[in-house]
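Sharing a structure, written as structure tokens. Questions coming.
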């Protein structure tokens with residue numbers, strides 16, 4: 001009798017994806033983040049489901065319902081904080097995952113890479129709408145400022161914003177539809193993630209050397225299942241340390257004040273994982289220019305395959321490109337810091353320089369370094 005694991009139509013798919021999957025023998029811990037993202041997604045869907053059972057998407061009661069979850073619902077506080085901090089862990093894993101892809105040249109798998117970019121946009125949209133739901137001051141003003149950016153689109157901008165709002169300002173209709181979208185998007189993300197995996201398994205995984213690993217494969221289970229469990233335990237440890245010791249560390253104190261359209265907070269800023277993009281947006285004095293730069297800061301990932309000038313796939317043996325990559329990481333950290341600062345001197349100038357450096361590094365310096373390294377190979 002054939003093993004049910006290899007013959008059953010459904011179990012066979014799981015087997016080919018997580019058990020008998022041929023994996024390169026030399027992939028490092030940087031390849032752990034894909035499975036961690038899957039765990040984060042499942043965690044967010046489960047905690048979100050329980051939160052949705054007690055949450056009300058009405059401007060009059062939304063803030064109170066979140067307070068009710070924290071005070072009166074059994075273990076409501078831990079579910080709420082696991083969901084809020086789970087989003088932060090999700091983005092940490094996402095940034096590491098994308099960074100790994102850039103460093104080791106994974107963008108040569110164009111379908112997998114492009115679906116990954118779609119996933120990034122979907123997760124960012126979900127996180128933004130989720131931040132609006134508690135209906136605190138930063139929720140309301142964040143929603144107002146970010147949705148208002150669409151009014152920069154010529155001709156249709158104003159109509160588009162009012163259509164998204166469902167009125168002439170962020171109000172009950174906006175909150176209700178954001179809740180609906182926030183609920184449905186994670187399931188769309190799950191479907192996209194399945195397609196992401198499907199395309200990845202068509203080509204097989206990349207590895208640190210950037211060379212083909214067809215001649216040296218090992219089964220995913222037990223080698224990488226045990227390796228992934230270590231990463232998972234570390235993820236849970238960091239998440240639970242955050243949740244149990246300082247659950248509001250990454251949040252904004254303004255969000256503990258109920259939304260008030262008549263009172264603007266002194267510094268409107270999004271969650272920490274959007275600050276780099278927010279800093280790029282603010283660094284351009286023109287509204288349309290800022291919005292364009294904001295979108296391009298993420299969309300630039302889509303043209304990375306076109307900017308790849310090197311004959312080598314990854315950056316493992318390319319010291320010049322490595323320096324530029326870590327310069328880019330430092331630049332993104334600088335942008336994240338600037339995004340959380342008030343709009344005044346010297347932060348404006350630092351933000352503008354960091355924004356220029358971001359695009360300059362990706363569009364010009366990295367392709368040039370690839371060409372230089374190609375020449376060095378001949379020596």
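In case you wondered, yes, glycine gets a Cβ from its N, Cα and C as well.
Straight out of Swiss-Prot:
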- 83, 182: heme b b562 binding site (BINDING)
- 97, 196: heme b b566 binding site (BINDING)
- 201: ubiquinone binding site (BINDING)
- 33-53: transmembrane segment (TRANSMEM)
- 77-98: transmembrane segment (TRANSMEM)
- 113-133: transmembrane segment (TRANSMEM)
- 178-198: transmembrane segment (TRANSMEM)
- 226-246: transmembrane segment (TRANSMEM)
- 288-308: transmembrane segment (TRANSMEM)
- 320-340: transmembrane segment (TRANSMEM)
- 347-367: transmembrane segment (TRANSMEM)
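Describe each of these features in terms of where it is and what it packs against.
DSSP assigns residue 182 (heme b b562 binding site) to a helical segment in the three-state reduction.
Under DSSP, residue 196 (heme b b566 binding site) is assigned to a helix (H, G or I) in the three-state scheme.
In three-state terms derived from DSSP, residue 201 (ubiquinone binding site) belongs to a helical segment.
Long-range Cβ contacts of the transmembrane segment (33-53) within its own chain (Cβ-Cβ under 8 Å, at least 6 residues beyond either end) map to 69, 79-80, 82-83, 86-87, 89-90, 93-94, 96-97, 100, 182-183, 186-187, 189-190, 193, 228, 231-232, 235.
For the transmembrane segment (113-133), the residues of the chain that approach it from at least six positions outside its boundaries are 55, 57, 62, 66, 87, 90-91, 94, 97-98, 101, 106-107, 139-140, 142-143, 146, 174-175, 178-179, 181-182, 185-186, 188-189, 192-193, 195-196, 199, 270-271, 273-274, 298-299, 301-302, 304-305, judged by C-beta separation under 8 angstroms.
Counting same-chain residues at least six beyond the ends of the transmembrane segment (178-198), those with a Cβ under 8 angstroms from any Cβ of the stretch are 17, 37-38, 41, 44-45, 48, 52, 55, 57, 112, 115-116, 118-119, 122-123, 125-126, 129-130, 132-133, 143.
Outside the transmembrane segment (226-246), and at least 6 residues removed from its termini, the chain residues within Cβ reach (under 8 Å) are 29, 32-33, 35-36, 39-40, 78, 81-82, 85-86, 88-89, 93.
Same-chain residues lying 6+ beyond the ends of the transmembrane segment (288-308) with a Cβ under 8 Å from its Cβ atoms: 98, 102, 105, 107-108, 110, 113-114, 117, 120-121, 124, 149-150, 152-154, 276-278, 280-282, 355, 358-359, 362-363, 366-367, 370.
If one looks beyond the transmembrane segment (320-340) by at least 6 residues along the same chain, the residues whose Cβ comes under 8 Å of a Cβ in the stretch are 99, 102-103, 269-270, 272, 274-280, 282, 310, 347, 350-351, 354-355, 357-358, 361-362, 365-366, 369-370, 372-373.
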Do any residues at least six apart in sequence from residue 97 (heme b b566 binding site), in the same chain, have a Cβ closer than 8 Å to its Cβ, and if so which, in order?
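For residue 97 (heme b b566 binding site), the qualifying residues are 33, 34, 37, 116.
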Return only the integer: C-alpha distance in Å from residue 182 (heme b b562 binding site) to residue 196 (heme b b566 binding site).
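Distance between the two Cα atoms comes out at 21 Å.
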Are there residues at least six beyond either end of the transmembrane segment (77-98) with Cβ under 8 Å to its Cβ atoms? List them, or say none.
30, 33-34, 36-37, 40-41, 43-44, 47-48, 50-51, 66, 69-71, 116, 120, 123, 127, 130, 235, 238-239, 242-243, 247, 250-251, 271-273, 301
Any same-chain residues 6+ apart from residue 201 (ubiquinone binding site) with CB under 8 Å of its CB? Would you list them in sequence order, or say none?
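Counting only residues 6 or more apart in sequence, the Cβ neighbours of residue 201 (ubiquinone binding site) under 8 Å are 16, 17, 21.
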